[in-house]
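Peer 1: Shown below is the structure under consideration.
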Amino acid sequence: MVKFIVLVGLLALSFCVAMAADHSPLQDFCVAQSNSQVRLNGLACKNPSMVQASDFSFSGLHLSGNTSNAVGSKVTPVATTQIPGLNTLGISLVRIDYAPWGINPPHTHPRATEILTVVEGSLEVGFVTSNPDNRLISKILHKGDVFVFPIGLIHYQRNIGKGNAMAIAGLSSQNPGVITIANAVFGSEPAISSDILVKAFQVGKNVVSSIQSKF
């Protein structure tokens with residue numbers, strides 16, 4: 001009986017782990033057919049006989065992103081939009097450029113764990129655990145250092161150096177998604193009622209209105 005319970009527990013655990021990432025492919029590849037009208041959880045497959053090497057490659061990741069913006073960072077994604085051959089393979093990556101003291105603002109990836117490697121510069125990174133602890137786990141990273149952000153948790157990076165910084169991050173989904181907290185809360189369309197935000201953030205209505213006007 002004990003062995004049976006352990007076996008059931010292990011099967012349940014393996015099922016949960018399997019469901020925590022994109023579904024496994026059932027063929028060698030499924031290159032995304034961008035103009036397909038078929039709607040499914042992912043992207044429709046191109047005819048394999050029409051697949052080319054270009055469907056599996058992307059050029060330009062060596063180019064610095066333009067960080068001349070309010071937050072001082074630029075994310076360059078490499079997902080199925082850039083490489084159709086990533087469809088169904090469950091991975092993607094991004095290049096992140098940071099101006100001095102630039103930030104990648106607090107955000108989440110609803111469908112992916114992220115592993116980030118610092119290529120140039122020094123970054124302060126961190127993520128916040130879920131309720132009720134809301135514990136900040138943060139660290140200073142230097143060139144060659146690696147940090148993991150668990151799936152779904154709010155996280156951020158900040159360049160703490162005097163020069164530019166750059167990182168490469170891998171994500172465990174072909175379509176990880178990104179929810180930038182400030183944009184989602186204060187810049188939704190239509191806007192979330194200011195009365196709700198006043199109570200949620202315990203600030204005056206004028207403060208909420210001022211923040212919403214910036215998005």
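Just so you know, the numbers here start at 1 and follow the chain as drawn.
Cβ coordinates come from backbone N, Cα and C, glycine included.
According to TrEMBL, the protein has these features:
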type	residues	note
SIGNAL	1-20	signal peptide
DOMAIN	68-209	domain 'Cupin type-1'
BINDING	ASN104, HIS109, GLU114	oxalate binding site
BINDING	HIS107, HIS109, GLU114, HIS155	Mn(2+) binding site
Peer 1: Just name the winner among HIS107, HIS109 (the binding-site residues) by count of other CB atoms within 10 A of its CB.
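Peer 2: The residue with the most neighbouring Cβ atoms within 10 Å is HIS109.
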Peer 1: Distance between GLU114 (oxalate binding site) and HIS107 (Mn(2+) binding site) at the Cα atoms, whole Å?
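Peer 2: With the alpha carbons as reference points, the distance is 12 Å.
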Peer 1: Near the Mn(2+) site, what residues other than HIS107, HIS109, GLU114, HIS155 in the same chain have a C-beta no further than 8 Å from the centroid of the listed C-beta atoms?
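Peer 2: Leaving out the recorded residues gives THR108, ALA112, PHE127, PHE149, LEU153, ILE154, PRO176, VAL178.
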Peer 1: For the domain 'Cupin type-1' (68-209), what is the mean per-residue pLDDT, to the nearest integer?
Peer 2: 96
Peer 1: So if I measure Cβ to Cβ from HIS155 (Mn(2+) binding site) and keep only same-chain residues at least 6 apart in sequence, which ones fall under 8 Å?
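Peer 2: Once residues fewer than 6 apart are set aside, HIS155 (Mn(2+) binding site) is near PRO106, HIS107, THR108, GLU114, VAL125, GLY126, PHE127, VAL128, PHE149.
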Peer 1: According to DSSP, how is the domain 'Cupin type-1' (68-209) divided among helix, strand and coil residues?
Peer 2: 22 helix, 56 strand, 64 coil
Peer 1: As a test of the contact definition, list every same-chain residue at least 6 positions from ASN104 (oxalate binding site) whose Cβ is closer than 8 Å to its Cβ.
Peer 2: VAL71, SER73, VAL75, ILE96, TYR98, TYR156, GLN157, ARG158
